[in-house]
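J.: One structure coming up, written as structure tokens, with questions to follow.
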Amino acid sequence: MISGVPDRWKVVASSLSSNLDASYPTSSSLSTEPIDTRSSSPQGSASTPVDKEKIIRGPVDYLLKCPGKDIRRKLMQAFNEWLRIPEDRLNIIAEIVGLLHTASLLIDDIQDSSKLRRGIPVAHSIFGVAQTINSANYAYFAAQEKLRELNRPKAYEIFTEELLRLHRGQGMDLYWRDSLTCPTEEEYIEMISNKTGGLFRLAIKLMQLESEVTSDFLGLVDLLGVIFQIRDDYQNLQSDLYSKNKGFCEDLTEGKFSFLIIHSINSNPGNQQLLNILRQRSEEESVKKYAVEYIRSTGSFAYCQDRLASFLHEAKMMVNVLEDNVGFSKGIYDILAFLL
């Protein structure tokens, strides 16, 4: 107690402290699941602690209610046919990866000025940019907090390493776009290995902490991440379903150097048309259709298909080697079939 303070002030201070403590959830009470609003409310408080949690998580929960392909969960289930970790541990890791993936999508959509995600308006067009950034950052730390449930000290090292790699990859992707610098194919593959492969690796590394199986799966995981992103690049310029979910040829509007765009530019460096289209960030369908035809004229769609076929063949060879050590996984073949 501070001497010389009137008793009535001490009573007020004590009351304020109690109200503040009651207004926010403790770290142990935070959930990674969407929380429903409660009708009751403490006297003198405009909203309950769970109301505040719901507000903070609003953009995250908005996107979670419209699930995507859930390829990361399917990948984890496929690898678990080899790793054989308990279902409750798998679910914890899946929640961690799900939160991180959702957070990264929220930030990506802001950085890319996207209009649609999974066929609905992007979160920041509903909640605003500031609230969406805060919700995404909150989800990163909610995922980190959930690591405690694994009770594996090395999990924190894995978490930090892969999030750093993810942000390094994203940083280079943004730099190339904003400086209109076309990378080489090798630089692009390194970038997507960091960015897209990051959460794939994080999931499998955390699963390996829970498993007695010691085989090295990371080469296959890295390759699957590369295949997934290059396939995504192809569909962005080719798929009607992709256009419905994210917009027609969104990579061109974003000014993004995707796998096909990089090949097309590098196949004829003297022709600046595609670079100029990327610079414009055009939303005009006629301009984007012209760009797609130019990309086709440089053989970039055919080249992308050939590279994907080569990568998939390499992945199948890796699976064959792993099967000699850890047995058959139907889920892995389902993943490979999905990526065809």
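Yeah, the Cβs are placed from backbone N, Cα and C, and that goes for glycine too.
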J.: Taking His101, His167 as the options, which does Swiss-Prot list with Lys69, Arg72, Arg118 at the isopentenyl diphosphate site?
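T.: Swiss-Prot lists Lys69, Arg72, Arg118 binding isopentenyl diphosphate, and from His101, His167 it also lists His101.
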J.: What is the set of residues, excluding Lys69, Arg72, His101, Arg118, whose C-beta falls within 8 angstroms of the centroid of the C-beta atoms at the isopentenyl diphosphate site?
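T.: So the additional residues around the site are Pro67, Gly68, Asp70, Ile71, Leu105.
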J.: Which binding-site residues are spatial neighbours of Lys256 (dimethylallyl diphosphate binding site) here, meaning Cα within 10 Å, out of Lys69, Arg72, Asp108, Asp112?
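T.: Hits: Asp112.
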J.: Looking at the recorded positions listed here (Asp108, Arg118, Tyr140), whose Cα lies nearest to that of Asn236 (dimethylallyl diphosphate binding site)?
T.: Arg118
